[in-house]
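Below is one structure; the comments refer to it alone.
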Amino acid sequence: MIGLVDCQRVDEELYDDYETAKAREKRLAKEARAHETQAKNIALGKKVKETTASKGMKGRGEASFYRVTCKDNGRGMPHDDIPNMFGRVLSGTKYGLKQTRGKFGLGAKMALIWSKMSTGLPIDISSSMKGQNYISFCRLDIDIHRNIPHLHLHEKKSNDDKWHGAEILVVIEGNWTTYRSKILHYMRQMAVITPYAQFHFRFISEASDKNVTIKFARRTDVMPPVPLETKYHPSSVDLLLIKRLIAETSKQNLLQFLQHEFVNIGKSHAERLIGEMGPDFSPKMSVKSLTDQQIVRIHQLFRQAKFDDPTGDCLSPAGEYNLRLGIIKELHPDMVATYSGSAQVFEGHPFIVEAGVSVGGKDVKHGLNIFRFANRIPLLFEQGADVVTRTALKRINWGSYKINQTQDKIGVFVSIVSTKIPFKGTGKEYIGDDINEIATAVKSAVQQCCIQLKSKIVKKMQAREQQERKRNLSKYIPDASGAVYEVLREMAQLHSLKKKRYEEEDSEILKKVSAHLITKETLRERLSEHVEQVDYEMALEYATQSGVSEEPREDVYAQTLEAKNKFMDLHSPLFVFRLAC
């Protein structure tokens with residue numbers, strides 16, 4: 001595709017993987033020693049690993065290239081906006097404050113730039129919006145120096161299948177072998193936090209035995225609400241943002257500007273703030289006439305004054321129901337607990353922490369397995385410095401919740417959503433441990449999950465102890481019934497010889513023993529019934545104390561309804577009850 005071909009080497013010594021005669025002699029001697037050691041081990045009957053053929057050195061010029069295709073059935077993109085969306089860096093319009101997925105808003109552009117650097121090939125974009133009878137196709141790359149899209153092809157194609165969504169195709173240099181585990185781990189975490197989406201991942205290799213196909217199934221259609229755009233909180237703005245808001249506002253005077261461009265500032269509050277700013281300020285003064293010094297004064301007062309905290313209504317967390325469903329779907333744990341905290345605030349930005357803790361499961365290592373999410377996007381790297389990791393390792397006393405930190409398979413899931421995620425580092429791969437409000441909220445959410453799990457674990461331990469007690473009692477039934485029967489038989493013999501008299505009730509029992517109406521088997525059956533009765537009574541007492549109904553529970557399977565029906569959802573942390581209207 002780019003004209004890269006294998007050429008015959010003329011001067012071998014020029015190449016990075018050239019092996020000198022001395023180096024070759026040294027390598028062969030090392031291989032001979034290894035074969036000799038292996039032969040001795042085989043002769044002694046020791047287990048030996050199979051020797052693999054020595055690989056030649058891979059030169060820096062030998063690269064692996066991959067065609068990466070990403071396709072969805074989302075809302076698609078407008079035809080005329082595609083060139084700027086992909087071919088112009090920092091072309092976004094994020095002027096309002098809103099919870100957004102991702103980190104930079106540069107994902108597809110970074111892929112395009114890497115393609116340009118490694119292969120020089122353009123990127124192919126296909127997109128169609130719902131109801132459109134055409135598919136927009138665009139082939140472009142980016143003019144890095146001028147920061148403008150370079151269009152190779154931009155056309156409309158027929159959309160006979162009524163498809164809507166987007167498809168992006170890019171050819172890049174990469175290393176699948178090294179980063180395979182990270183890619184699959186990322187996909188699995190995405191499946192946990194978005195159980196309402198289906199992911200289908202395929203890796204197609206030159207060798208068919210190395211192909212990989214994984215499908216992460218969708219388990220619900222309950223989606224989080226769309227995040228709402230909100231105004232800035234006065235305590236969260238800086239000088240540059242205040243200047244930008246002044247430049248873009250349509251309000252004429254300072255009073256209107258404070259009222260309408262910021263959250264939690266009413267008319268009376270705005271008038272008090274203007275009065276506090278000093279004699280140089282008045283409610284009717286033009287906001288466009290503010291000097292730099294006056295803007296600094298506004299910023300200073302915003303930082304010092306007291307304002308009501310912003311609400312979390314603009315946020316869109318995954319939801320406790322979806323988080324629990326995702327954990328169960330992907331990890332299949334023995335038990336799981338989830339918790340969703342209320343909205344809290346740091347530096348004028350609202351945030352919500354959701355947490356889940358699981359015990360046991362499939363493909364889970366022993367010890368702590370930490371899954372971190374920021375605005376519903378997995379965080380893979382720099383885990384050690386993250387607030388979630390440090391909280392789980394240092395601030396949670398797992399033993400007090402009957403959980404063994406080293407031997408149990410523990411999954412810790414924490415999702416933080418906010419209008420501003422306080423990432424640390426240039427890669428935005430972890431959330432710092434230095435923000436007390438977030439650290440406290442994370443610890444509290446994980447502890448709430450652990451409290452739920454402790455209750456379940458204690459109940460499980462009590463049930464296990466009860467089963468063990470019943471097993472021990474049942475084990476001694478044959479010996480106990482045999483011993484009791486022998487005693488009764490001797491007493492019956494003495495009674496029949498009239499050597500000893502007994503009460504009338506006891507005498508009746510002894511007569512039944514003599515008449516073989518009471519035998520060892522009879523006693524064994526009665527003892528077994530008694531053990532069952534005691535076990536039932538203890539279980540009933542335990543169930544009554546813990547609030548569990550005596551009646552057995554049955555699984556209920558409801559058939560799915562047709563999409564044409566209108567639904568009303570009643571949400572609970574553990575389930576969604578759907579009524580057809």
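In case you wondered, yes, glycine gets a Cβ from its N, Cα and C as well.
Listed features, source TrEMBL:
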BINDING   D72, T93, K94, G102, K103, F104, G105, L106, G107, A108, K109, K428  ATP binding site
DOMAIN    310-469  domain 'DNA topoisomerase VI subunit B transducer'
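Here the features listed in TrEMBL are placed on the structure.
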residue	record	Cβ neighbours (10 Å)
D72	ATP binding site	14
G107	ATP binding site	13
K109	ATP binding site	19
